[in-house]
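Participant: Once you've had a glance at the structure underneath, I'll fire off some questions.
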Amino acid sequence: MANIAAQRIKREFKEVIKSEEVAKCAIKLELLNDSYTELKGEIAGPPDTPYEGGNFVLEIRVPETYPFNPPKVRFITKIWHPNISSVTGAICLDILKDQWAAAMTLRTVLLSLQALLSAAEPDDPQDAVVARQYKENLEMFKLTAKHWTNVYAGGPFVNSDCDDKIKRLIDMGIEEHQARVALSSYNWVLERATEQLFS
Amino acid sequence: MAEVMHNFDRYCIHFFNSRDCPHGDKCSYPHKARYEVEQIQYSPGNEYFLGKPRTNQRICRFFLRGNCIHQQNCHYRHENVTDIVLKGVEKSTNNRSPKGITNMNVPSTSQTENVLNKNSINSNLDLQNKEIRISNQEISPCQNENEGTDNKSIAEEGACASPPLTHINDSWVNAPEFVPKSSYRPKSYAEALSPEAIAEKNAKKELCRYVNKDGICRNLTDCTYLHGEMCDMCERLILHPYDEEQRKRHRQECLKQHEKNMELSFAIARSKEKSCGVCFEVIMEKANGEQRFGILPNCNHCFCLSCIRKWRQARQFENKIIRACPECRVTSDFVCPSMYWVDTKEDKEKLIEDYKKALSRKDCKYFKKGQGRCPFGNKCFYLHAFPNGRKCDVGPPLRQRRPRNTEADMDVLQHLMLWDFFDDRDFPWQSLADDLEDLVSFFTDSDDSDWSDYEFIFD
């Protein structure tokens, strides 16, 4: 690994550890190997959003050409968000692509992702299904996102209605996550989800 | 009582001064009172004082002036001038090129001037010359200083200041006979009558170049050139004693140098803590050769030259992104290298101006003194001149489209005129700057990686 990248990640790592966001538990950064190429990030769901109370884990891969190229970041925790793929966790965020600047750091990236959670961009979607729901039925989107946060990110909001519907699909022999995706995609209408699953 | 081991290098200074030593019997230096020591010191043939050998055979010039603060402790010889002269005479009869001190402080009845030619002194002195010189000086008056002599030196001043010597008569009576040589030049009436002319002559005299160079002249008392006075800023013996112009000039130079030094130390102080916004390292602490700042003209963010240049060469992003500051995204057209960080607008403007000026003296490597063609045209910072020095106005930059494939590269270069036509017809909204960006990316994409460090400017 290029020396400059390792040196910089080392410095950034120290900076993040000392930063006030870590003190407030808003972001977290962990090293996964000694060569500073793979890290684990964690962001707290921002308040007053469906993601409040959840903890979202991110996978960060630092390229050799860092900081002249952006780090590769994706969500490991499953999340219901127009700019984040509900399947792969891939993120659509300009600063992680063509708007990257060499002065940005892992800390600013994590904070930007947190900001992305509170301000989705449905017009530039990564997940078309989620984006459509966001635009057509915002309440349903919020409910779904809250449910996903509760299930995957440890959020406090429990929706028994959703759980019941998922349980019924599981009883039909559908895998839980698959059932949840189907129900979420069809605005929690059991019939349409079933139809889609068995068609 | 345990026997005290005496250190015989020197006597106890407390006992010497006040006959009272706080260490008493246990003092490791021998106790001798002043009068005892003086007896020892002035005993014939004694070269030592307080048990300490004189380490240098040279004459103390402060003693010659009569104000050596080290007194008898001085490392240099404290000897009467007449003694030295006599020794010098003796030596001169035995030695081919004697180093005797010839500077004399003798009240003279003769009006003979010191007539020694500088050149003759500088050249290898033969015995006869030496004798003449000594005799001349012995009978030359101390007041020559005011009337103007060729033999003005610090040592002579010192000699004049020292108390009159009592046994001088013997020495000058015994001096060798004065024999005029061709170098003898009597003083004219005009010289004697007009002190201004003499002052002018004095002002034209050369300073000793040894003193000029490093402040030390081996012929301290012997030198026929002028020894300048100490400049209190550069601490060199460089101020001409008579030439007011030279003194003024030198002071100004010194002041200028001092200002420069101050500016430099301020620059270092403000650069010391600055770290690069890309690699996060303190720039002044980077490896040798990388301790350079890359100054962006349009914003005040700090980067090291290598990082900001690398960022601006990143081809994976749009030109708009890489030409912007990585911190504030304000676009800058070029990077100005600097050894130090600049804070103020004025400093920065000056730096950039200097940089452009420096570049404009270097030949453009694409123009090749008329052989090649510079794609940046008159926006290029480098010099476009023919081998005969005539400058050339190469006109506005070439307009360039991004190539669609690698085969098109040469076509594009060869059909610029045609493309210009198409551009104007098909893309009338396209600005010149966009074309330039394309142009730059075209060249930086090409194999010629030297383009990367090439400075260019956009509108």
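Cβ coordinates are placed from backbone N, Cα and C, and glycine is handled just like the others.
Pasting the feature list from TrEMBL:
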| type | residues | note |
| --- | --- | --- |
| DOMAIN | B:11-34 | domain 'C3H1-type' |
| DOMAIN | B:54-81 | domain 'C3H1-type' |
| DOMAIN | B:202-230 | domain 'C3H1-type' |
| DOMAIN | B:276-329 | domain 'RING-type' |
| DOMAIN | B:358-387 | domain 'C3H1-type' |
| REGION | B:91-122 | region 'Disordered' |
| ZN_FING | B:11-34 | zinc finger |
| ZN_FING | B:54-81 | zinc finger |
| ZN_FING | B:202-230 | zinc finger |
| ZN_FING | B:358-387 | zinc finger |
Participant: If you run through the zinc finger (B:11-34) with DSSP, how many residues end up as helix, strand and coil?
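Facilitator: Its residues fall into 10 helix, 0 strand, 14 coil.
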Participant: Looking only at the zinc finger (B:11-34), what is the mean pLDDT?
Facilitator: 80
Participant: With helix taken as DSSP H, G or I, strand as E or B and everything else coil, how many residues of the domain 'RING-type' (B:276-329) land in each class?
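Facilitator: Here the numbers are 16 helix, 8 strand, 30 coil.
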Participant: Kindly report the helix/strand/coil residue split of the zinc finger (B:358-387) according to DSSP, in that order.
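Facilitator: Going by DSSP assignments, the zinc finger (B:358-387) contains 9 helix, 3 strand, 18 coil.
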